[in-house]
Amino acid sequence: MPPYTVVYFPVRGRCAALRMLLADQGQSWKEEVVTVETWQEGSLKASCLYGQLPKFQDGDLTLYQSNTILRHLGRTLGLYGKDQQEAALVDMVNDGVEDLRCKYISLIYTNYEAGKDDYVKALPGQLKPFETLLSQNQGGKTFIVGDQISFADYNLLDLLLIHEVLAPGCLDAFPLLSAYVGRLSARPKLKAFLASPEYVNLPINGNGKQ
């Protein structure tokens, strides 16, 4: 039986990054898919620590909060930088990803029709810090921090992929980010996962907007 279990809705959502991480690292995991009907029934929601998913099980350890799960996997699988300085930078990147993801989620679920144009106009300013970070790390030719992949890379990759769907061409003005997406997406195990039905057939969000 796989050591990991992901309990989540049938969407990519906040689990896409951790699934990419597990697939790329050659880890197996079990999916427990929660339908809207099951969630609305209420008992599962009541059992969740914060009343929300994802829920993640690593043996007898149960975790909630998607970024906590990513950090846990970062620590246990060696994806948290090579020293404390790199770990701090990885945290900084991941917090920046979370800031933009929250804005994206707010747009998708509360203000898509009225707010999309303004969101897309402001997007270059939101993406620029990540281009800057890449430029400061070995000329942008490796990862977002250091010379080995971290959990923040998977989270940033997912963030960039969903924004390419929302605003095609949004990375055209950011050559390092554009190359970064291509480079990470071409990693053999990750490439296979991104082409798999388990990824392709899942909607990005739960309301059909993207």
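One is the number of the first residue shown, and numbering goes on along the chain from there.
Any Cβ shown, glycine's included, is placed from N, Cα and C.
Because the structure is a prediction, the values reported are computed rather than measured.
According to Swiss-Prot, the domain 'GST N-terminal' annotation covers 2-81. The average pLDDT computed over the domain 'GST N-terminal' (2-81) stands at 97.
Tyr4 (phosphotyrosine) has a Cβ environment of 18 other Cβ atoms inside 10 Å. The phosphotyrosine annotation in Swiss-Prot covers Tyr4 (among others) and rests on experimental evidence.
In the three-state DSSP assignment, the secondary structure recorded for Ser66 (glutathione binding site) is helix. Around Ser66 (glutathione binding site), the C-beta neighbours below 8 angstroms that are at least 6 residues distant in the chain are Arg14, Cys15, Ala17, Leu18, Pro54. Annotation comment: Swiss-Prot describes Tyr8, Arg14, Trp39, Lys45, Gln52, Leu53, Gln65, Ser66 as glutathione binding site, evidence class experimental evidence.
The phosphothreonine annotation in Swiss-Prot covers Thr62 and rests on a large-scale study or a structure entry.
Mapped onto DSSP classes, the domain 'GST C-terminal' (83-204) shows 92 helix, 0 strand, 30 coil. Among the features that Swiss-Prot reports, domain 'GST C-terminal' is placed at 83-204.
The Cβ of Lys103 (N6-succinyllysine) has 15 neighbouring Cβ atoms from other residues within 10 Å, across all protein chains displayed. Look at Swiss-Prot and you will find Lys103 (among others) tagged as N6-succinyllysine.
Residues or ranges marked as N6-succinyllysine in Swiss-Prot: Lys116 (among others).
Annotation source Swiss-Prot lists N6-acetyllysine at Lys128, citing a large-scale study or a structure entry. Sequence-distant neighbours of Lys128 (N6-acetyllysine) (same chain, six or more apart, CB under 8 Å from its CB) are Phe174, listed in sequence order.
Its own atom aside, the Cβ of Tyr199 (phosphotyrosine) has 16 Cβ atoms within 10 angstroms in the protein chains shown. The annotation phosphotyrosine is assigned in Swiss-Prot to Tyr199 (among others) on the grounds of experimental evidence.
Binding of glutathione is attributed in the record to Tyr8, Arg14, Trp39, Lys45, Gln52, Leu53, Gln65, Ser66, and the widest Cα separation among these residues amounts to 18 Å. Checking each of the modified residues (Tyr4, Lys103, Lys116, Tyr199) against Gln65 (glutathione binding site), the C-alpha distance stays within 10 Å for none of them. In the domain 'GST N-terminal' (2-81), helix, strand and coil residues by DSSP number 34 helix, 18 strand, 28 coil. For the recorded positions Arg14, Lys45, Lys116, the ranking by surrounding Cβ atoms (within 10 Å, all protein chains) places Arg14 first.
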